[in-house]
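Contents: one structure, followed by commentary.
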Amino acid sequence: SKLAALFQHPLYNIPIPEVTEKDKLFVVNPMEKFSLHSSGSDEWVSSSKAEVFLPKGKTAYDTYPAWLKFHVGINRYELYPRQDPLMPTLLQDLATQRIVSSVQKSGGTQLKLIMTFPNYGQALFKPMKQTRDQETPIDFFYFSDFERHNAEIAAFHLDRILDFRRIPPVSGRMVNITQEIRDITTDRKLAKTFFISPAGNVCFYGECSYYCSTEHALCGKPDLLEGSMAALLPDKTLAKRRSWRSPWRRSYHKSKKAEWELNPNYCAQVRETPPYDRGHRLLDLIDMAVLDFLMGNMDRHHYETFEKFGNDTFLLHLDNGRGFGTHSRDELSILAPLWQCCSIKKSTYLRLKLLATQPYLLSDLLREALATDPLAPVLTEPHLQALDRRLRKVLEVVGHCLDR
C-alpha cells in the first residue's frame, strides 16, 4: 500500500503540540457512559438514564458511537488524528447505518438532506446530479455550476493525503429514495416534490434557490440514487463556529472583478489586516488555495473556524462540491494567495514535493484511497492525471517565489 507507506514517512509524523484541556473542543466527563435502550428502540441514552455495566477493562469512552468519538477528538490543531483508528468505522457507519430520518437542509443554493441514524449520528447527503465524465461546460460561470457528490468524497481523501485533515469524513452511499427519503421524511415541503417520471423512476426536487424544479429533479433507477454522506460537525449550539469571508473571494458577478484581481499589491494589504497580521492564518489560507487548485474549485467564498480556539487554529475546508468539474483546464487564478503573497508553510511545501515523486505520486495515492469507497471509481482517470499536472504547477509557482 502506497498510502500506508506515505503515512509512515517522517513528514507525516511531525508531532502536534501537546493538547491541553483548553485545546479540546469538548471536555468530557470520563464516567459518562452511553448504551442502547434494552427496549430495542435503538436510541442512545446517557448513563444518567440507564444503568450500564461495562465489560472488564472497558472505559466509558468505549461505549460512545463512532460519530461521538469523532466529535470528542476534535482539538485546536486537528479535526482528527493522522493515524486515526476510528476512521474506517466512521466511514463504514456513513455508508451502512440505517437511516431513520431525512429532511432538507435549509439554506444553500442546491438541494442537500440531513440524514439521521439510530445512534443519533447525522450526515449531510448530497445527491448525484451528473455522471463522472460530465465536465463543466466551458461557458458556465463557476457560481452556476452543479455541486458534485463525488467531488465531496474525493476532496476528503485528498485533504487527508495532503495532511491538512480539515474536511469532515465523507463516504459514498447508494440510497433508496422511496424507503430512505420519501417514506420517512417529516419535511412537508420536501414530501410535496416527489413524483414518478415517465420512465417509471422515483424523482424529487426539494426547495432551494437553484436547480430545485421538475426540470432538475433527482431520479433513481428506479429508486436507487447515489450520493455523498458527510459526517456532520458538532451542533453549533454546542460548538460555535465563526464564518470568515475569504480575502480572495470572487466577485460572483458576470462582469465585475474582485479587488485581488486588479491590485498587484493586494497581499500587502491583507497582511496588515487582522487576523492575517499575525500567527499562521494566512499560511492556512494558502494551504486551502493549494487544495482548491488541485481540485479546480473556484467557489471558496467563506471558510469557518471553531470559535472556542480564537484565531490560533485550523480552517475548516467545508463544501467542496464544485471541485473536480474540469480536468482539461487548470484555473491558475485559484492560486492567487500563493503567487501574490509568495509564502507557504515549509511542511506543506516539503509534502507537496514528496507527492510529486515516485513512489508517492499524488494520483496513485488518491486512486488507492478512493478504491475503498462504496461508489468506486469515484473519479475518472483524466481527473487523477490532472492532479499530478497541477501539483507540478504549484511547485513551479513556489520555485518562482524562491527565485525572487
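Every residue, even glycine, has its Cβ placed from backbone N, Cα and C.
Automated prediction, rather than curation, is the source of TrEMBL annotations.
The ATP binding site annotation in TrEMBL covers Q110, K126, E147, A230, A231, L232, L233, E304, D319. Within 10 Å of the Cβ of L233 (ATP binding site) there are 21 other Cβ atoms, across all protein chains.
D319 (ATP binding site) has a Cβ environment of 23 other Cβ atoms inside 10 Å. As annotated by TrEMBL, Mn(2+) binding site applies to E147, D319.
The domain 'FAM20 C-terminal' feature in TrEMBL is assigned to 194-403. This prediction places the mean pLDDT of the domain 'FAM20 C-terminal' (194-403) at 95.
According to TrEMBL, the feature active site maps to D299.
Around the Cβ of E147 (ATP binding site), a 10 Å sphere holds 25 further Cβ atoms from the protein chains shown. Here the CA atom of D299 (active site) lies 10 Å from the CA atom of E147 (ATP binding site).
Q110 (ATP binding site) sits 14 Å from D299 (active site), taking the CA atoms of both as reference points. There are 19 other CB atoms within 10 A of the CB of Q110 (ATP binding site), with all protein chains counted. Within the same chain, residues at least six positions away from A231 (ATP binding site) with a Cβ under 8 Å of its Cβ are W67, F70, L90, L94, G121, Q122, A123, P168, P169, V170.
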